[in-house]
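To start, the structure itself, in structure tokens.
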Amino acid sequence: MQVASVVVEIPARALDRRFDYRVPLEWEGRVAPGQRVYVTLGRRLCQAYVWSVADVDGPAARDLKPLLAVVDDTPLLTAELMDLVAWLGERYGASTQACLQAVVPAAFRLQPQRKYRVRPDFRGLPPDDLQPLWQALRREPLSYRQVLARHGPDAAIALERLLALGCIEEAAAGRDQVGARQIWFAVPTGSLETMRAAATERSRRAPRQARILEALAAAWAEAGCPPGGVPLTALSLRPSDEPVRALAAQGMVRLEAREVSRVPEAAAGRDERPAALTRWQAEAIRRLSARVVDERFSVHVLHGVTGSGKTEVYLQVMEACLAAGGGALVLVPEIALTPQMVQRFVGRFGPQVAVLHSGLSQGEKRDEWMRVRRGAARIVVGARSAVFAPVENLRLIIVDEEHEPSYKQEESPRYDAREVARWRMERCGGTLVLGSATPSLQAMHEVERGRADVIPMPQRTNGKPLPPVTVVDMREELRAGNRSLFSRALRQGLEEAVGSGRQAILFINRRGYAAFLLCRSCGETLDCPHCDISMTLHRGRDGAWLQCHYCGETASVPAVCPQCGEPALRPYGVGTQQVEQALREQWPTWRVMRMDVDTTRRKGAHQQAISRFADGDADVLVGTQMIAKGLDFPNVSFVGVVSADTMLAVPDYRAAERTFNLLTQVAGRAGRAEAEGKTVVQTYRPEHYAIQAAAHHDYAAFYRRERALREAFSYPPFCEITVFWAIHPEERLARSAAQRFERELRRRLGEDGVTVLPAVAAGVGRVEDKYRYQVVVKYSHWVHVREGVMAAFRTVDEKMHSAGGTCVLDVNAGRIG
Ligand SMILES: Nc1ncnc2c1ncn2[C@@H]1O[C@H](COP(=O)(O)OP(=O)(O)OP(=O)(O)O)[C@@H](O)[C@H]1O
Ligand SMILES: [Zn+2]
Ligand SMILES: [Zn+2]
């Protein structure tokens, strides 16, 4: 007798374990790991994933409850993905259910209310023993639960048989939350002659039947062979319509339901293949292609300066991968921000590419996922979560802009797509390529330790040098009497670019008008009533308002300071809106465009904005980091950074790294084609090493300095950091939970190679009226501390949970505070 061990899909902590069910005899041999099944847990009907199947004998197995249905014929999850789910749970301390939800698109989740009804196209009668249930379903569609309640537990099997015989179907959306889309086809059964004769014969007597036959005959004549069928929708007919049913009953046509994709086939764009590769590109392609073919695990850091043509390298290595029979996965930081790159992949590989992005509806995601699962699409391009795509024979994963923080997921399971990619390549014996102009400290450290090699591309494809960067000390500007947002150098750069018909980009890492309002009389800042953070000033057509960027709370702008009553509130900290306004005031004839979260909320707005700017619809583009990544605008000759200091001021050990990366990326948007590029960076801290290194395009200098600091103060990559948060509306409870976690940790972990920092209020100590306390743990290997950390977490978490609060564990944390 077979017993299936399953994971139920209900996301409750107490249910995060395996449950055993008996496999009914008729399904023995049909049940496999990765398959979805229906089971009852207590009285609850739910979907579950088969984890393992074992042959077990004895009464214990016979007493188990049976599986109620097998949802998938072939397992939805491959063995590799099942192992990945298990690994995710261990690596990030997350429940198996949460990991499954991360891996499988939401469309595959069970819809709680399914009903079964008689299939409208079914003629005849089912076998005798199935008739009672069938008759009942003819009277009214019933849910699974109703079927079991009214017809007893054996009805589960009867239902399955009726389904298998095509007598009944699931109503509405089908099995999954969103099912496959099906279209009915009429398929000819006889010869072309019989069909024509039948059409003529019916032209009077049954003209509507005749029309169907004529359409089939026409399709036949056009194809020159028996057509695969004609979709009924093309004839504005449904399978239940009288003439269709009549023809089917007479055996003139066969009706067939076929699955079709909801995703319009990617319009294969132009494939722009460069006439000749640079020598660096050629060398990179040679080395990487050799690795893709040899089927051994390897990691490579493709360190290519901005505009060095990394995309072309990816494309050609992918070609080598496909030629060797492998599948490939490309991760980009955010699909909406990289439309140009996605177009190039589709241009080269056409319908073999599946693009997974958040703009897809659930049904579209499902269809793309299935296209990948079935091997019809062998290349997947997507953001973070695409790292779970079920690519067949996966041999190559490319992570573009590998240094980007968006590869870390900030909700459970708090995975890092780069680590997942590494795990998958290690498991499949594949090649991992980490591409960046500014490789992360982590990636470079791997190179140092001999766990990865680096492939340099130090020159731009246009043969021109990287754009010269001028660092402007804003204190000097003040001394020289310039109080405007723009230094003289920045102003000159803008005017030169726009004056010569080129375009310019201005970067400022803050949306809104100003960071905060400060009272110049008493020093009060206007903070969010629900969060310990000041509110951002926004300005629109209908005036100004304040908004909290943490919880979204808005407020009107008071005329006087609420603290001291003086009319002395002034805006501080420049945002995109203010830059846009200043540009319009100073250069009224210029066409200015702004791109930030506020201007691109609408679906497709990103892409539109990017192509409008690429088409020359604006002279100056103002934007946040959204415009820093991987965009290729050949006509941009000037880039200005309005303030480099906002990024440096973030209280995070990675602030310098982020600043260096962003400055390098932003500067890299200039001078990518014929136009010479130029960049101006404004700052109050011109001597800072991150700014200096970026200005000199000196990655090595930055790396040396930053590495030394990280080592001295013991930060990643010289250790790993895990952060615990206790979150509760009552400060006292949040604090004591964090303190308890700290004590539990110290007791369990000892001192050896582990540092537990004292429990403190988080950087923003209150968000949405909830207090946040944190504990930071530093260690060298998660496997050494996992048990201790997880045990401490469970103890505190349970108590916190019953007290109405939340605990969060961020393993290998993306941020602290
Ligand atoms: N061998 C080549 N000869 C000429 N042009 C090329 C060549 N290879 C790529 N290009 C072009 O160079 C430009 C820059 O390439 P790409 O966008 O891949 O750079 P990148 O290395 O990804 O830079 P970034 O890090 O800034 O995104 C593109 O317009 C691309 O079409
Ligand atoms: Zn005041
Ligand atoms: Zn708030």
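Using N, Cα and C of the backbone, Cβ positions are placed for all residues, glycine too.
According to TrEMBL:
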| type | residues | note |
| --- | --- | --- |
| BINDING | CYS519, CYS522, CYS561, CYS564 | Zn(2+) 1 binding site |
| BINDING | CYS528, CYS531, CYS548, CYS551 | Zn(2+) 2 binding site |
| DOMAIN | 291-457 | domain 'Helicase ATP-binding' |
| DOMAIN | 556-724 | domain 'Helicase C-terminal' |
**Asked** In the predicted model, what is the mean pLDDT computed over the domain 'Helicase ATP-binding' (291-457)?
**Response** 93
**Complete:** The most crowded of the binding-site residues CYS519, CYS522, CYS528, CYS531, CYS551, judged by neighbouring Cβ atoms within 10 Å of its own Cβ, is CYS528
**Request:** Report, as a single number, how many Cβ atoms besides its own are within 10 Å of the Cβ of CYS548 (Zn(2+) 2 binding site).
**Result:** 20
**Lowest local Cβ density among CYS561, CYS564, which the record lists as binding-site residues, within 10 Å** = CYS564
**Prompt:** What is the separation, in Å, between the Cα atoms of CYS564 (Zn(2+) 1 binding site) and CYS528 (Zn(2+) 2 binding site)?
**Reply:** 18
**Prompt:** How big is the Cα-to-Cα gap, in Å, between CYS522 (Zn(2+) 1 binding site) and CYS528 (Zn(2+) 2 binding site)?
**Reply:** 18
**Item:** Inter-residue Cα distance where the pair is CYS561 (Zn(2+) 1 binding site) and CYS528 (Zn(2+) 2 binding site), in Å
**Value:** 15
**Residues close to Zn(2+) 1 site centre defined by CYS519, CYS522, CYS561, CYS564, Cβ within 8 Å** = ARG520, SER521, GLY523, GLU524, PRO562, GLN563, GLY565, GLU566, ALA568, LEU569
**Item:** Nearest-integer angstrom distance between the alpha carbons (Cα) of CYS519 (Zn(2+) 1 binding site) and CYS551 (Zn(2+) 2 binding site)
**Value:** 23
**Prompt:** According to DSSP, which of helix, strand or coil covers CYS551 (Zn(2+) 2 binding site)?
**Reply:** coil
